[in-house]
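Report on one structure; see the data block that follows.
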Amino acid sequence: MYTSFDGDYRRRPMQSLGGHSMSTNRDSIIKKSQEQRQKRSELRKQTASATQIQSYIRSFLTRKHTKSSERTNFDEFLRLRKNNLEANFDANEISYVLQRFVFFYDSGQDSDRLIFICKILVKHTKKIVELLEACPQWRYRLREICNICLQQLSTSSSGSHAIPMRIIEIYTDIKYSSSKQILLQLVEQRYFDKVRNILELKCPPLDGETIRPPDPTTEAVFDMIMRPLAFVAADTYSDICLKFSECFLSQKPSESISCFLIPTLSQPEQSLKFPFIKIIEALGEILPNSSDDCKMEVDLNLKNLDRNLDLKDFSGYNVCSSYLGIMSHLSQHLLKLPKSAVKTKLLSLGALKFDMDDSSKDEYDSDSDSEETPTKNNDGDFFETGVLLDVVEFLYKPNRINWIFQHQIENFSDNPKQLYQISVFCHNFLLMSNFSTASNIELFNISNIPKFLRSLWFTLVNQSNQLGFNSPLALISKGVIPKADTDIERTIPFLATFCAIYSKRLPMMHDDDFSSKIDENPLPFSLNEIIHLCKILKEISLGLVELAFPETRTNLNNHYRNVLGHTEADNERIKQKQQVWAHLLNVVVCVINQLYNRDLRMNFCPEGAWVLENLNLTLDKDWDVPLVRARRGHRPFEPIKDFTRKDFDNGPPPSTKQLRSVTILREIPFVVSFARRVNILQGLIASDKMKIQGGLHAFLQGPAIHLSVRRSHLYEDSFDKLRPENGLEEIGIDGGGVFREYINELLKTAFDPNRGFFMLTTDNKLYPNPNVADLVENYEKHYEFIGRILGKAIYENLRVELPLAECFLTKLAGRKYSTHDMHQLASLDPELYKHLLSLKSHKDIDTLGLDFSIVTSSFGNTQVKVHELKPGGQNILVSSHNINEYIGLVADFKLSKQIHKQCKAFRRGLSNLLPIEWLNMFSNKELQILISGTEIPIDLEDLKNNCRYGADYSPDHPTIKCFWRVVEEFDEDQKRQLLKFVTSSTRPPLNGFKNFYLFPPQDLEPPFSIQNTNDEDRLPTASTCTNLLKLPPFKNDETMREKLLYAIESGAGFELS
């Protein structure tokens, strides 16, 4: 094979002139080839670029030369007609000058020539209009002339502007069909942007809002703005509305726009000219893909534009959907406001009624308010609080709220898009107004529409069923945050809105509503659906607790944030996300607690459905649980704070798992078994005793207060500062028994209805007397004292038979999620309860003449008091639209407000002995068990197995066998009398009679014991301080029964000891 074309086929050796031979390897050859290839590629690019640049320059020079030549021809034409410029031009002459002018026009050189052309066009208007109708080329030329006029007006504040504006006025007149096409093409070429610049240049400074043009020029510019919109009013041109919205409503408004244009467009007389509905639809297309600043501008401009809008004119899915979308976007900006400012604004609007009976306000509202800081923004006054408060007022107009929550839900609640928009609106309102104080916001009237609640829930359920384990609900239930932000943004508003509205609806529902048919059910869920709902919400609440305290540290100090490029806007977004997740935990836990309390009464869930047996509470010790909230304590979804040296002096910080366990005990304690929670409470009390008394807290040790009281004046002597008074001393030494007897009897006489501090419901349950102020002065001190004594009983693990009303127990528990159910009113005021239920089904409520007030009277007092249920309640009539609100307010007044001061004082005294947070672990029924013990029959087998014997007694002793035979024949009342005789309590211990001598101590310490007295002639006696029965060695069952009954039924005191 030839290696060249010179005919030499022989291979010649390579010679190196460097003095030695060098071998070239494969890699170097490849690298050299790549370098040469790259050089050739760069050379080709450079050649192509040079050719392109040269072509551009030649084109530019050619155009410049041609334009200059045409400008010369134009001027030459004018020079030839110098003496006859005022004469009419024919069509050819006009065409000649227009063609050349449009081609060579330059704003820096041809301003005077433009004026000349405009004069010709104005003078020959009729002729040119005819040409426009006949020839498309003329339409092109006139469009370019109009465009040049707009450009000239928008870039120059000096010079003549009347003639160019006159050209635009003539040749965009909608009465000409050709002008319509010209105008539409101008809109595509940034017509509105240029007109906006003209308005800002020509409009003089304004002192404030005005709907009258300040001068003729501004009036002409306003007409230029309205001219394209007139086509929309007559036809459907969505592009015009889109361009208008992008120019005037999606940017920060200038003074001329905010003070003149938008106020003028909002006037009722402009409604026929201004296509507001089409603008709404256009904004609905703009917002989803806009930046946050653009959304803010759109929303604020629309707020000002929407002053005299009649929402009744809205019909059709598109416009309703767009308007709802805008309202939901607008509501998002309210999260920038401090909650205190929003609450004040809502109170001034009458949208929120200040609730003096918010018993959990002091404990819980301060948590969020103390962390509140005003919003700061680099855009200066644009994000001022005043502007956003105006947005609050705009959003909360009654007609707008009614339109959204009545018309839209009734017509479009089956549509997922509009359902989402409504839920976003509600969600933002809840976040803005603080859920714990938002119970009176009118938007909760939406709960009157069961269809909405059902649509919300089943939209979530269907989404979960379709996506399976990857659905947002499933991931949240497992403590995992969905990766996609869109999944979070679409799930949280649905879930949070459903839980919030459902939780406001549940307290007003009667138990019978849970078992009614779906069509008649105002909830509206069947019993099986409610059971499934409880299961899902319980799992979600547990998952949210895990998410609230992640394993990783998320808090970054300012130095790290600066390095990572975090801006103030990023920090604000992080805070808002934390607020959204914390609110979600709040509302989910609220509704699940209400469902649990309802299930305690109705038992619709299967047994054991609430308790998680495999739940692992990571607590080092049951008595080392920080249930009381610290000022610098950890809060859900907040970054872990840096601990100071002072914080470490109080002990090491809790681990993440411990924080989760404590949160479970605070928020959803019912997932932990009652027995475990009782052990935790007893451990907390024992630990507290150890801290206060050291090792002296055991039996017969530690500090004590010696008090002598008269049995006939037990309460009075005890209340008088607990000082020793003259009276009959109790016979016997107090090793604990006298104290138990004293506490028991003191509480019984304090709660005695005849004393006047408490009253009985129809089912014989105790609750504070609403009219106690008419009986006792400074009654709050008495309730505080009684609360302190009851706290002492719980603190010392004593059981007192005090059947307390459910509404009173709700107040004592004091949880922020506790609510008063309508059911509680049945025993408190049966007649009122019956009438309120009948109102729910009454057809002609308007004819009853009811208003939002209630009348009360005192003991034997002929005068009555009128209490307004809401501000101005006497002037607000009850109708079918607000009947549910009326029923809820009446129930709240009877169950809560009438006894608010009494309960507050009682809680204050109770908290002096043990923190209320310790009792928050228990429901109403469980708190009653803590106070009085269980009402189950006494288990004699348990008592036998855990009984201790002294002296020569043993389980096989004849007397002991005789004793148990006789006791087994007792009825339940006699067994309880025997138990009280020995232990001073008629109820069995919570955890049975066992005693393992562990820390913390169990319920019965020392254990139930029997001791021989070696004297058959004596009656049985007892030492209640040691739970000891002193039993003589009776020989037969008859004697045993007779003397035992005589002793336990005699009601004797300690003189028999």
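One is the number of the first residue shown, and numbering goes on along the chain from there.
Note: Cβ is positioned from N, Cα and C throughout, glycine not excepted.
As annotated by TrEMBL, active site, glycyl thioester intermediate applies to C1025. Summarising the annotation, TrEMBL assigns compositional bias 'Basic and acidic residues' to 28-45. The domain 'HECT' annotation in TrEMBL covers 710-1057. The region 'Disordered' annotation in TrEMBL covers 1-46, 359-379.
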Including all protein chains shown, what's the count of other C-beta atoms within 10 A of the C-beta of C1025 (active site, glycyl thioester intermediate)?
23
DSSP helix, strand and coil counts for the compositional bias 'Basic and acidic residues' (28-45)?
18 helix, 0 strand, 0 coil
Give, as a single whole number between 0 and 100, the mean pLDDT over the domain 'HECT' (710-1057).
80
Per DSSP, three-state class assigned to the residue listed as 'active site, glycyl thioester intermediate':
coil
